[in-house]
Every structure is written in structure tokens, then in C-alpha cells.
Amino acid sequence: MEERPETELISIPATPRASTPEILTPSGQRSPRGGGGHTSTGASKDAKSWTPTSFISPRFLSPIGTPMKRVLVNMKGYLEEVGHLTKLNPQDAWLPITESRNGNAHYAAFHNLNAGIGFQALVLPVAFSFLGWSWGIISLTIAYFWQLYTLWILVQLHEAVPGKRYNRYVELAQAAFGERLGVWLALFPTVYLSAGTATALILVGGETMKLFFQIVCGPLCSSNPLTTVEWYLVFTSLCIVLSQLPNLNSIAGLSLVGAVTAITYATMAWVLSVSQPRPPSISYEPISLPSYSASLFSVLNAMGIIAFTFRGHNLVLEIQSTMPSTFKHPAHVPMWKGAKVAYFFIALCLFPIAIGGFWAYGSLMPSGGMLSALYAFHMHDIPRGLLAMTFLLVVFNCLSSFQIYSMPAFDSFEAGYTSRTNKPCSIWVRSGFRIFFGFVSFFIGVALPFLSSLAGLLGGLTLPVTFAYPCFMWVLIKKPTKYSFNWYFNWILGWLGVAFSLAFSIGGIWSMVNNGLKLRFFKPN
């Protein structure tokens, strides 16, 4: 009778989890992923019907004494940890995304905050000036909860197949859509999102450095100050210096700086705006354009700006891949904890800055967003030191955000090199790739020095990464019951995302063609 509780405890079968333990190298920092992203068919069948602990059953243990049972129970726990090993690919230990596996929930929160909030929040009031109060708030709310749902999908699908971790967005797309189609569908928008965001960050960072210098220097500025393009070059050079940090986990400190500065300046921007008298002749009616088609395209571009505000899903799998994952402690648990904290703070920043900024400036909101409005309307009302600090925080945030958004591009460059040479990148090769990417982004920024139109186009072209593809991936990988609510819900969301992507892209292209060449991110006097 005394042994019965132990027997019942032992008889509880271990529930297999869709996770993969990570094997640490002697340094304890690197852990390759599954080679080639798959295991053999036979192995996957065996994994369903047999585990290394299947022989430790109550029937096997019943004739053995209690001490031996305790030994075997401990052995069972150990085998559960090592029983689902993946076939290793040494190349992943050489790449920036998967080189280090010592991440945790705190790192996940820092990275998601740094990727999820930043300069794009500053142009949200621009979208409201075309949408008005009702449609602006409705669109922002729907977009927030929609992307939060797709974020949860990506976190769950990271280890959807036992013995496999999808460390990159493109890998998950290949698993869902097929090897070739997955590359065609996911590679362009993810690379475009990384490069486009890096370019926009150079625009914002360079212009903000210029204005910070003008505010601090004041009337003492020299008669021959740096031009806007030269400030772009200064900012790009700082980004390249910081980009020499080797991998995603090594920039966790920078992500923390980016998160803190983003929350601080976003709060300061709307608080300073609503605390000042509103400009005369302010109006909250949506901006009307001469023709119906022009108004329609402007609305589509504004909704594209809102979609671009929630970019960052192309980094979710990459962030999760920096965490160790074992049978008992899968990586999706700390990842989701960190993501929930991050997106709570993101909501606390985005909604007040959109609503407060539109309340303060209405249809008079400049095309450059909140910083442009502060400079144009309150340059002489706000203490110069406070205004300068706000601009400096934006610079710090842009420097930090550039690193995390550039990391997938660095990973792609180095993956191509290591696959051809079968050896890791040297310091000089790695530095060369990052210098090349930085200056390519700089030249694109010089050629396209307008942000509000670029933000709408970026939002439209990359919208499927955030709003559409995860829904399709869930249906194709998880295979919910056909014609069930889950099945209908994800298919409808996915196709709506594709339709919105096409519409917002058209609006962004129209805005660039008609307004882009006339716009600058800031219009200082």
C-alpha cells in the first residue's frame, strides 16, 4: 500500500513537447540547429511510437524495489532531456542569429521592444490626419490585436515539429509553403523590411542629429554647418561601428538602450505636445484632396503607415532562436513572456502618441511627424535643453534599432559565404559585409530622402510578413480541422492581409510619385 502512490506517480506518461534541446559547445555559448532543417521520415515515425523512456513503465518497474525505482525515475527524467536530439548543422554555429544560445525572457523583452517601437511611432499622427479620429483609432486598434495574434502564432510555430527549430522566418515559410515557394514569398519582404527600415533609420537619425546640433549650438553655429547628407554619413558611420558586435545576443545591451530611449522620447513627444497651446485654425477633419482618387490613395498610404508601425515580426523567430530549448524547458515559454511585456509597453507608447499628437496638431501635422511638429510649432516655447534631450534620445534609439534590423541581412551575407567556403567568416570578412550594408542603406537614403511616403510603401510591401503569412503557416503546419472556426478564421485573416498589402502598396507608390520628391522628413526654418 505504501508503494502505490509511487507507482501511480511513475505511471504518468511524459507528454512530448514540440521542442528541441540545444547542445552547447565547450564554450557554452554556441549551439547548432538541425542540419538541413529536417530529419529522416523513418526517424519521425519512430519518434511518434517510441521514446527512450518507453521501457520504463509501471509493468517493468513493479517487481523492482523502491531504491531502484528512484534511480530509474531519475534516469527517465534525464532521458527525456536528451531523447529528442536533432541532426546538427555546424554552419549555424558560425552565423550571427544562431551563434549564441544564452538568451532569456529579459533579452526577448529588450529585443521585441527595440524592434517594435521606434521612429515609426512618430509618424502615426500623420496617418490620423488622413483618417480622422474614428477610422484612425479603429485601424490602429485592429492592427495591434491582429499583429499580437500573429506574433503568438510565430512563437508557437518555432518548435512546431519535434526535433526541429525554425530559426529564421524564411525557414518557417519553406516548411509551410515548400522549399522554392517559401523562399519566393518570404525572402524579398523580409530582406526588404530589414534594408528599408535601416534606410529609414538613417534618414531619421541623420536629420535628428542635425536638429540636435542646431538646438544645442543655437546662434553660435558656424557659418558653414554640415549638410543633411553629411549628417546622414555621420550617422551611418556610427551605425557601422556598433554593427561590429558579432551576434544577436551580443546586442542585448543595445536593445535595452533602444527600448528605454524609445519609451522615454515617445512619452516626452506627446506630453510636450499636449501641454502646449494648440496652433490656431486647427482642424480634426481628414485632409481632403482635389480628387476622389487622390483622397483614396492618401487613405491607403495612411493605413500603410499604421501597418508599418507594427513591423518586427520578421525578427520573432530569430530572437527566439537565441534561447536554449530543452524537452522540459522549451524556448517558446520565455519568448512569449518577454513578448507580452514588450507589447504591453508598445501599446502604452503607440496609442498615446497617435491620439495625443493628432489632438495637439490635427490636420496641421507636418509630413515628418511629431519631431517635425515640435520643432516647427514649439521651438521657442519648450526649454531648449528639454527639446535637445528629446532629439538625442531619438538618435540613441535609431542607432540601437539599426543593429537589430540589420542582423538578418548580416546573417544572410554570412550564410552565403560560409556555405560556399565551408568555414566561418573572419573578422575582416564580417566587417566588410557590415560596412557594405551600411553604405548601401546610406546611398538609398540619399536617393529617397522622404519618410512618410516610404513608410506607407514599406508597410504595404511587408504587411504579409506580419498579418498574412503567419495565418497561412498555422493552417498548413498545424492542420486544424477543415471548415472549423480555426480553419476559417486563419484563412480569412490571411487573405485579408494579402488584399490590404496590395492596396497599401498602391497607395504608397502613389504617395511617393506625387508627393515624395517634394517632402523632407524635417523642414527646419
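Note that Cβ sites are derived from N, Cα and C of the backbone, with glycine treated the same way.
Caution: TrEMBL annotation is automatic and unverified by curators.
What TrEMBL lists as domain 'Amino acid transporter transmembrane' is 102-513.
Among the features that TrEMBL reports, region 'Disordered' is placed at 1-50.
Summarising the annotation, TrEMBL assigns transmembrane segment to 122-146 (among others).
As annotated by TrEMBL, transmembrane segment applies to 181-204 (among others). Same-chain neighbours of the transmembrane segment (181-204): 118-120, 122, 169-170, 172-175, 232, 235-236, 239, 311, 314, 394, 398, 401-402, 405-406, 408-409, 412, 437-438, 440-442, 444-445, 448-449, 451, 454-455, 458, 461-462, 464-465, 469, 521, counting only residues six or more beyond its ends whose CB sits under 8 Å from a CB of the stretch.
Per TrEMBL, the feature transmembrane segment maps to 251-272 (among others). Nonlocal intrachain contacts for the transmembrane segment (251-272), taken as residues 6+ away from its ends with a CB within less than 8 angstroms of a stretch CB, comprise 103, 107, 109-111, 113-114, 117-118, 121-122, 242, 245, 342, 345, 348-350, 352-353, 356-357, 360, 370-371, 374, 378, 382, 386-387, 389-390, 393-394, 396-397, 399-401, 403-404, 407.
Note on the transmembrane segment (292-310): residues 116, 120-121, 123-124, 126-131, 139-140, 143-144, 147, 286, 350, 452-453, 455-460, 462-463, 466-467, 500, 503-508, 510-511, 514 of its chain, located 6 or more positions outside it, place their CB under 8 angstroms from a CB of the stretch. Among the features that TrEMBL reports, transmembrane segment is placed at 292-310 (among others).
Among the features that TrEMBL reports, transmembrane segment is placed at 341-362 (among others). Same-chain residues lying 6 or more positions outside the transmembrane segment (341-362) and placing a CB less than 8 Å from one of its CB atoms are 105, 108-110, 112-113, 116-117, 121-122, 124-125, 127-129, 133, 136-137, 140, 144, 148, 151, 259, 262-263, 266-267, 269-271, 273-274, 276, 278-279, 282-284, 309, 369-370, 373, 377.
Sequence annotations record features per position, and here TrEMBL assigns transmembrane segment to 382-406 (among others). Long-range contacts of the transmembrane segment (382-406) within the same chain, counting only residues at least 6 positions beyond its ends with a Cβ under 8 Å from a Cβ of the stretch, are 111, 114-115, 118-119, 122, 193-194, 197-198, 201-202, 204-205, 208-209, 211-212, 215-216, 218, 235, 238-239, 242-243, 245, 248, 251, 254-255, 257-258, 261-262, 264-265, 268-269, 272, 276, 315, 371, 374-375, 434, 437-438.
Residues 195, 198-200, 202-203, 206, 229, 232-233, 236, 239-240, 243-244, 246, 406, 409-410, 413-414, 417, 454, 512, 516 of the same chain lie 6 or more positions beyond the ends of the transmembrane segment (427-448) yet place their CB under 8 Å from a CB of it. Summarising the annotation, TrEMBL assigns transmembrane segment to 427-448 (among others).
Marked as transmembrane segment by TrEMBL: 454-476 (among others).
The annotation transmembrane segment is assigned in TrEMBL to 488-513 (among others).
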